[in-house]
Amino acid sequence: MSATASKPAIYFGNFVVTAQVFHLTPHSFALVNLKPLLPGHVLVSPRRVTPRLSDLTHTEVTDLFLTVQRVGRMIERVYNGTSLNIAMQDGVEAGQSVPHVHTHIIPRAKADLDDRGGSDAIHDMLEGEEGNVGRQLQESYEARPRFPKVDDEVRMPRSKEEMAEEAQRLAQEMEKD
């Protein structure tokens, strides 16, 4: 099922992200990213706002990971990936910047980060300023000084219209899966 403007508001933490959502299940949603680390970088989150994976019910965990699996297949196909990074920062000390469980899905291809030091550079990007989803959503968010700034000025936030267009396109792709 794809998200439409007539649906009730969907929250990622305390941010309304309804127009960014491209897939809904009974307990989860998938949304496009404001500043993707690589093309196709999306998030999957439970519908219920809760900060930690251990706070989810068995049903929510099952739905979340089945959604990650399905969205991952589609993202890999659409963005011509040959692999995926699937990552979750579970808690503030792990680098979670929005207190709402979320899983990053990032399509990968051979040599895609050679210019950044190789395929493992994605881990620094996720933990650094580039992966700070909360700051991206809320300009007043203060970055934790222990996370180094990683070339974030180059990555401009996308407009709401750009994200809504991508969400619509990905919703159509989900229907094919």
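Positions of Cβ are set from backbone N, Cα and C atoms, glycine also.
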Out of 25-29, 50-54, 100-104, 135-139, let me know the one TrEMBL marks motif 'Histidine triad motif'. 100-104
Test of understanding: give the count of other CB atoms lying within 10 angstroms of the CB of Gly95 (substrate binding site). 18
Distance between Asn33 (substrate binding site) and His102 (active site, tele-AMP-histidine intermediate) at the Cα atoms, whole Å? 12
Recorded substrate site residues Asn33, Gln89, Gly95, Gln96, Ser97, Val98, His104, farthest C-alpha pair in Å: 17
Filter the binding-site residues Gln89, Gly95, Gln96 down to those whose C-alpha lies within 10 angstroms of the C-alpha of His102 (active site, tele-AMP-histidine intermediate); answer none if the list is empty. Gln89, Gln96
